[in-house]
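Features as listed in TrEMBL:
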- CYS113, CYS118, HIS193, HIS198: Zn(2+) binding site (BINDING)
- 16-27: compositional bias 'Low complexity' (COMPBIAS)
- 1-45: region 'Disordered' (REGION)
Amino acid sequence: MSFFNSLGKSMGRKGSTGPTSPTTPVPQSKGQGYPQPRSNNSNQQQDVALYSQPSTPKLFLSKPFVEASLVKGSLKTLVLLPKYLDVMEWVAMSMFDFYNNVNLFYGAVSEHCTAKDCPTMTAGDQLVYTWVDNNNKHVKLPASTYIDYVFTWIQALLEDQSIFPTRAGVPFPANFPSTCKHMYRQMLRVFAHLYQAHFEDILHLRIEPHLNSLFAHYLVFGQEFDILDQKELRGPSSTPTGIGYLYDAWRTSGKLD
């Protein structure tokens, strides 16, 4: 099911404007001063590469780690829209759960994600995410600062009743799908940094099956509701980078079917 194609059936809101472009930040609510991320991956490409290996082998692509999982069987059963539940409600609940879970995983390794150890928000070979500040300038930040900005921004959105309404009868805004797609993109980057920079820390904690299960669930959910942007998995020259290799490996093995 396409999340965006469900708008006409699920919104029912009069006088709303069209969805905001997912490449632009969600407008701030009055009184909110949370930072605003933008799509700013300078190495974005649109092609989808076949499964291959990076020049420098990564632990998360090596056996048995790439196969470690808590979930057996098809992950798609976990993401399918439950009967009688509105798609907006389902996506909203899922985004809330994904945010809480990725926050927990980052918290488990955050003591190793310092300005000294992670001076930039790396997510793969030659791939560094920059933050677009209020002056529309691309700024390189320590990964811990970047991720803190992301989590602060998402937390504020989740608590904003005009975007994530919790009262019965209150409709979701017209830009809800594009907001979720942008949130998804930013959380994907946190996953990318966890795998790229902190997988050894994950192994020391023996939680790699848990991380793999959550991330695979996240990818399948993104595929199902059309909020996974393939460009975020690509690096220079349309080749996969970081989690792009992991995505291709899992797709080849059928894990994401």
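Even glycines carry a Cβ here, placed using N, Cα and C.
TrEMBL entries are annotated by machine, without manual review.
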Query = Around CYS118 (Zn(2+) binding site), which residues of its chain at least 6 apart sit with Cβ under 8 Å of its Cβ?
reply = PRO142, ALA143, SER144, HIS193, ALA197
Request  = Starting from each candidate's C-beta and looking 10 angstroms out, tell me which of the binding-site residues HIS193, HIS198 has the most other C-beta atoms.
outcome  = HIS193
Key: Listed in sequence order, residues not in CYS113, CYS118, HIS193, HIS198 with Cβ within 8 Å of the centre of the Zn(2+) site Cβ atoms   = TYR106, VAL109, HIS112, ASP117, THR122, ALA143, SER144, ILE147, LEU194, GLN196, ALA197
Inquiry  = On the three-state reduction of DSSP, what should I expect for CYS118 (Zn(2+) binding site)?
reply    = coil
Request  = Count the other Cβ atoms sitting within 10 Å of the Cβ of CYS113 (Zn(2+) binding site), across every protein chain shown.
outcome  = 21
